[in-house]
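> Right, I'll just put the structure down here and ask away after.
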Amino acid sequence: MQNYVISLDQGTTSSRAILYDQQGNIVKSAQKEITQHYPQSSWVEHDASEIWGTQSGVLREVLETAGIRPNQIAAIGIANQRETTVIWDKESGKPIHNAIVWQDRRTAPICEELEKQGLKEYIRQNTGLVIDAYFSATKVKWLLDNVNGAREKAKNGQLLFGTVDSWLIWNLTRGHVHVTDYTNASRTMMFNIHELDWDDKILDVLDIPREMLPEIKESSEIYGYTDEHTLGGAQIPISGIAGDQQSALFGQGCFERGMMKNTYGTGCFLLMNTGKDPVISKNGLLTTIAWAIDGEIYYALEGSIFIAGAAVQWLRDNLKLIDTAHDSEYFAGKSDESNGVYVVPAFQGLGAPYWDMYARGAIMGLTRKVGKAEIVRATLESLAYQTRDVVDAMKKDSQLQLQTLRVDGGACQNNLLMQFQSDIIGTTVERPSDIETTARGAAFLAGLAVGFWDKFDLQKVQQIDNKFTPEMDSQERENRYAGWQKAVERTMGWARDS
């Protein structure tokens, strides 16, 4: 009997597999970290073979440790780090280069050239995105231009492109299926969100052959089956795909227009469900596809913050101020406030709503009174301030008032941060009992496609662990936020040559 769904959650720092029962409970999980490669300043890469190796490894591990046979699995769903770009040889299945990660900034000069060509407004209106090295399109161009023989092979139909979801499905099906879903396609800067197809004008400008791109499918349907050699002969339907942030929006149950969530991971990612009509931002946000199910497309506004949890890792690994990420709450709590200190973690530039590829990190407001506690606290507060930047932009674009912010991801377990988040946005923050909503969303999408769950089931399993309500008065809130805005302004354009 098929009593379970498995979610494969392939993130920036690790690959995970989570096993769910029909009540939406986590039965077992497994996780393996993946190596970060930094070959040059502002370059970030992953070994695509390691991504597959770790992901297939945890898939097998979670079955073995749970004592579950593959034929007991009803479906597999995939949530993945978005924009990260893999190009591989169609025949051998081997990547031609390391995957270029979403954080990588090497293609900033290509982005500048696109702006000089007057494509800024065309790309914003048709893809919903801004021209930035964050997205896949310029990464594909860079790989075709810089890997020996790649462009010729691509034109001859010998190479395939995919975001991480495509790469995993290709391997799960042993090269039989080359697909992506609308959510991931909408993050490439090559996809027209109105025509719901690859954009020929952008492909032509970047000289990217359409033939190397995956077929685009809905977020909840059967794309293919695991190859008989992958999981002991079992052919399990792969039936749910969503980029990690859209998956979290779905996993949080943000099914109605105006509902919003924030995921605190390596970066911070806020998404607001805007319903069946795309809202083109005038305030530095992205317009993206939330999900596509049963022929209906739902859109979202997104604010992408590049550095969030990664700033806490920086405190631990680079500055050695803390031993573990969990220590951050303890040390931050030793100071009642950050004493006018602001940390702007623009290590890879600034994302929404600023979109400055040349901003760099800074600590502002240092005095002799400042010690470890203040710097740790200011670093945590930077996550909340960046969230406020995006929340304000979303209110302007959507013309909707935010009632509640739903949160998930590792850092949302930090009570001090969640209280400050509520204080600085002046809104209730809700934390669910299961904070692994990214994996949950992919599981839900997969289960829906095979009839394991229905929409009513998904609404029943949403449970709130804690609510944080504002305790800071409005004048203090605005004074602190004004200091943040001043600090951000100082960091902008820092790494520009001229």
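Keep in mind that glycine also has a Cβ here, set from the backbone N, Cα and C atoms.
Keep in mind it's a predicted model, so treat the numbers as computed, not measured.
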> Check Swiss-Prot: it lists Thr12, Arg82, Glu83, Tyr134 as binding sn-glycerol 3-phosphate. Then name which of Asp244, Asp277, Asp294, Asp317 it lists for that same site.
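Checking Asp244, Asp277, Asp294, Asp317 against Swiss-Prot: the sn-glycerol 3-phosphate site match is Asp244.
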> What other residues of the same chain, not counting Arg82, Glu83, Tyr134, Asp244, Gln245, have a CB atom within 8 A of the CB centroid of the glycerol site?
Gln81, Thr84, Trp102, Arg187, Gly243, Phe269, Ser304
> Within 10 angstroms of the C-beta of Thr13 (ATP binding site), what count of other C-beta atoms is obtained when all protein chains are considered?
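Looking across every protein chain shown, the total is 16.
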> Starting from Thr12 (ATP binding site), work out which of the binding-site residues listed here (Arg82, Glu83, Tyr134, Gln245, Asn414) have their Cα within 10 Å, and give them in sequence order.
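Candidates kept after distance check: Arg82.
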> If one measures from the C-alpha of Tyr134 (sn-glycerol 3-phosphate binding site) to the C-alpha of Thr266 (ATP binding site), what distance in angstrom results, rounded to a whole number?
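Between the alpha carbons of Tyr134 (sn-glycerol 3-phosphate binding site) and Thr266 (ATP binding site) there are 14 Å.
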> Count, for each of the binding-site residues Gly309, Gly410, the other C-beta atoms lying within 10 angstroms of its own C-beta, and report the residue with the smallest count.
Gly410
> Would you find the one among the binding-site residues Arg16, Arg82 whose Cβ has the most company, meaning other Cβ atoms within 10 Å?
Arg82
